[in-house]
Amino acid sequence: MVTSPASVDRILDGTRVAAASLAITAERARHFYERTGAQPCLAAVLVGDDPASLAYVRMKQRRCRRTGIASRLVHLPADSTTAEVVGEIKRLSSDPGVHGILVQHPVPPGVDERAAFEAIDPAKDVDGVTMGSFAAMAFGLPTHASCTPAGILRLLDAYGVELSGMHAVVLGRSPILGRPMGMLLLGRDATVTYCHSRTSELPDVVRTADLVVAAVGIAHFVRGAWIKPGAVVIDAGYNEGNVGDVHFDEVLPVAGLITPVPGGVGPATIAVLLEQTVAAAESLVRP
Ligand SMILES: NC(=O)c1ccc[n+]([C@@H]2O[C@H](COP(=O)([O-])OP(=O)(O)OC[C@H]3O[C@@H](n4cnc5c(N)ncnc54)[C@H](OP(=O)(O)O)[C@@H]3O)[C@@H](O)[C@H]2O)c1
């Protein structure tokens, strides 16, 4: 990453935004413990041995520990059937000691990820992956939001980005990231365009954006020449070697604001996940 002192002002610092939010969450977790004698608890379900997924789960568990949240890991073999995975998730859903459930995405191809997500008790869907959470979020109703898109909104709000009337171009339409991102932006009165693998003239579409959210999973996909000067560029990508979906060095001189990778969307996502875990514990265990 090449940064000059002037350009540092244009970098959205996800670690700083997350730290402020995690401090509040830690305080809420402490109150919950004082009231109930138990810590809020997040259970992660990991299927298979993908090293990146294991690293993400461990990172989330470390962050839980530092925030006063208990964590459990259910690690299932890569050749698990959908029924076995669903069975484990249902057990966690009915376990009163578990308040939040996270199914680490992606699951191996032999497992029906949608079936796994839908086995999560909606009250414990702290990653916002069930159809019910998506629908509520799309209608602007209270729910557990999809964590990465909600983390991105948290970052934009922290830097005072006024979304109303902006043309937002979301690159990617996955159920956990691109799709809910567009819905949240629509809910904030942005004009939203989705791009995906079949979009024609994609760079030309991106050139019309006031806000670009990159969520395609291809390293350095978004180039500097695609960006309208002054546009806000959010990089949700996290590819091998800690590399984002945006060509940071090319885009930094053109963008008005930009997130780094690492240190941008990732920490904000985890902050939302932990906040929603404590909120779930508070509503599941009432005084
Ligand atoms: N920071 C975080 O907390 C966090 C959380 C989750 C994911 N991520 C990262 O975000 C990225 C995306 O994750 P995901 O789970 O959404 O990925 P995904 O399920 O693989 O979806 C990728 C999306 O990108 C689109 N796409 C692929 N190639 C494209 C191309 N050449 N041109 C335009 N669009 C293209 C796909 O289009 P089609 O629909 O047409 O196939 C799809 O909609 C990954 O790098 C992932 O690691 C980060």
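Placement of Cβ uses the backbone N, Cα and C atoms for every residue, glycine included.
A TrEMBL annotation is a machine prediction, not a hand-curated record.
Copied over from TrEMBL:
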- Gly172, Arg173, Ser174: NADP(+) binding site (BINDING)
- 12-127: domain 'Tetrahydrofolate dehydrogenase/cyclohydrolase catalytic' (DOMAIN)
- 146-282: domain 'Tetrahydrofolate dehydrogenase/cyclohydrolase NAD(P)-binding' (DOMAIN)
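Annotation for Gly172 (NADP(+) binding site): spatial neighbours Gly178, Met181, Cys195, His196, Val213, Ala214, Ala215, Val216, Gly217, Ala236, criterion Cβ-Cβ under 8 Å with sequence separation of six or more.
Compute the center of the Cβ atoms of Gly172, Arg173, Ser174, which mark the site for NADP(+); besides them, the chain residues with Cβ within 8 Å of that center are Val170, Leu171, Pro175, Leu177, Gly178, Arg179, Tyr194, His196, Ala215, Val216. With a cut-off of 8 Å between CB atoms and residues at least 6 apart in sequence, the same chain places Arg179, Gly182, Tyr194, His196 near Arg173 (NADP(+) binding site), listed in sequence order. Note: Ser174 (NADP(+) binding site) has non-local neighbours Ala215, i.e. same-chain residues 6+ apart with C-beta under 8 A of its own C-beta.
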